[in-house]
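Here is the structure we will look at.
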Amino acid sequence: MEHTLEKRYPVNPKDYKLYEEIGEGVSATVYRALCIPLNEIVAIKVLDLEKCNSDLDGIRREVHTMSLIDHPNLLWALCSFTTGHSLWIVMPYMAGGSCLHIMKSAYPEGFEEPVIATLLREVLKALVYLHAHGHIHRDVKAGNILIDSDGAVKLADFGVSASMFDAGDRQRSRNTFVGTPCWMAPEVMQQLHGYDFKADIWSFGITALELAHGHAPFSKYPPMKVLLMTLQNAPPGLDYERDKRFSKSFKEMVAACLVKDPKKRPTSEKLLKHQFFKNARSYDYLARTILDGFASLGERFRVLKTKEADLLVENKALYEDKEQLSQKEYIRGISAWNFNLEDLKSQAALIHDYDDVPNAEDRDGSRNQRNSNGVVGLSPERMSSEMASNSIASSGQEDGFNDLHDLKSSLASFPIKPLQALKGCFDIGEDDEDVNSPNRKGVNQSGSEPFVIKSSRAMEQDASRNECENSGQSSSLLHQVIPEHKKFLSGPLIPDNALSPKKVTGNGDREFPQPKFQSEHNYSGPLLYRQRRETNSPSPEDASEGAVVRRGRFKVTSAELSPKGPTNCILNPVTGGSTNPASLNLSPSAVLPSLQCILQQNTIQRVRLFLHVLSHVIEIASLETSSVFDDFQQEEIVRLIKHLEQTSGKLGDFTEVGINDLLQIAHSSSREKELQFRVLQLQQSIGNLVEELQRQKMKNAQLEKQLNALANSKE
Ligand SMILES: Nc1ncnc2c1ncn2[C@@H]1O[C@H](COP(=O)(O)OP(=O)(O)OP(=O)(O)O)[C@@H](O)[C@H]1O
């Protein structure tokens, strides 16, 4: 590789003089530094390996990829080595800093179109190269687009990149939920069929919006909400009204990237030919425009940090109560996925008021929420608000922003530490690699060591070694510095009963008998249910919670990689059934008996609940699966509903109990249902015993009477 062969960068920390801090990551601090022997300014990313014990594989991948790449638009590593507990990655110094920093410092509402086109074209060239070489970047965002003083643009941060050519266990990494929630493609979140290069195209589209507005869509929401909104809402985009300042071709380019079906997204190569990039200028244009008159990177970084600290103090003064403070800041939106509350607070303090302005993309989102994937798992309060924006008549203005009003109450049930809640939802398991992987060896803390930065030939060797790794052999030096056993959360993102095929027993339509309705106030679906369960009995994994503090990224490895089909079970007002109205296999033969059954039960509350759910299902079914009911059947159902409404009193406000809440109720796993069935059986036998007892009591009473009568007659 040319750039590494040209110069030999020393691998001894003594050969570098560290200057000011220019950036900060999760477990890394980046410094401007002088390479003394070469008299060259470089940037050094210093990673504290003790802090990174949860993601050493990511680090190894980052260094490996950085050493492999050879493209002007990708940030490569000049060399790397370990010293004590730290890993130093020496990189070219990008004096402009990241686009995110630039926006935070001077362009809070985003860049002008020619700037965006120029930046994005450079990034896209990097993606074309990466994809052609079988890599997925997986973390494309403004924070990872670095600019040099001459305007040169480089895509950085390969901590979560994956190779399409990885085999075996490493192949699993493409079924891994990894990235930063706001920028993450739906298929990455869903983990249904794995994902490919197209995930980068989605993130690229989100980055385009980020550069246009100064923040990514949904960035004001907590991560769980972001995940749900990405999955449920129509893709975000540039609004034709609000984003008038942007050209049609820009809007089209963004729309082309942000298509939910990855197959319909263009490849990076094709995208590069898009009309929009004809507006791109040469990169020195960036130096003349956005970097002109800027203070040094270190100075800007210092100012931002001071601002951050000041805002934090201000916030603290405003909200004395610690709990209130954390919640407020949560509400204000943390774009990064970060489980460290203190960090969350400081990040939140940096978010400006403009973030509270409803996003066009959010508006679009709610307007199109009828395309819902039916993902459930929200808190009741949040569900109600989702439901409100789900209503057919919902106006474009009724966007996710309105949810802010509900967020305060939703926070009561939204986990302050989402990870904990997720732990309840997902199985805990190991990441991509085997528990016995050589990666899990202890730290070699002795002195500094060169850290897998090699010539291109060495890279090829590395690649083949990688295969050895897969077969369980130790290869990379990094393996010697892995401090300890790592642990990731793993499991499907979507609660299992939302996506996994249900076990159908009996006739498949009504697989379960109908146990007594437990409580009309119990709106909890699996998420809340498991949360609660976890609160009651903390799992041993809780103790390791602190191990996952990956700001800006989220990683959950699928424990179950087999594709999961939508649930097929029928809506059941009492036991619950399908969770996904859009994918419900509705048939009149299934719905009508349920209705009749409800009629027999004659419990107003239950009737109302079921009607809510059913109306919603019918709405969706008629919109999305037009041929499910024929006219007569639809009429019949409507007639029944009307009849029920009359007999059970006015249906009332749909918002009283959110439809999504009800779907949540109707949502329990087969294990839960099995247990419910057992409970029912027990209840029945208790009932029988009670009846028997009554009979015996009556017999006793009669015998007693007879005895008394006998005694009286004798007297
Ligand atoms: N070569 C460089 N030149 C100038 N600034 C840099 C360089 N590398 C990184 N930075 C700055 O440091 C910040 C943090 O670096 P980096 O993104 O590599 O850390 P990280 O731990 O991977 O962060 P995250 O996980 O949040 O993406 C960047 O956002 C950027 O502002």
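Here the Cβ of each residue, glycine as well, is placed from N, Cα and C on the backbone.
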Checklist entry - Per TrEMBL, which of 322-349, 406-433, 574-601, 686-713 is coiled coil? => result 686-713
Checklist entry - Taking all residues of the domain 'Protein kinase' (16-277) together, what is their mean pLDDT? => result 86
Checklist entry - For the coiled coil (686-713), what are the same-chain contacts with Cβ under 8 Å, counting residues 6+ beyond its ends? => result none
Checklist outcome for this item: Residues near LYS45 (ATP binding site) by Cβ (under 8 Å) yet at least 6 apart in sequence within the same chain, in sequence order, are GLY25, ALA28, THR29, VAL30, TRP88, ILE89, MET91
Checklist entry - Under a three-state reduction of DSSP output, how is LYS45 (ATP binding site) classified: helix, strand, or coil? => result strand
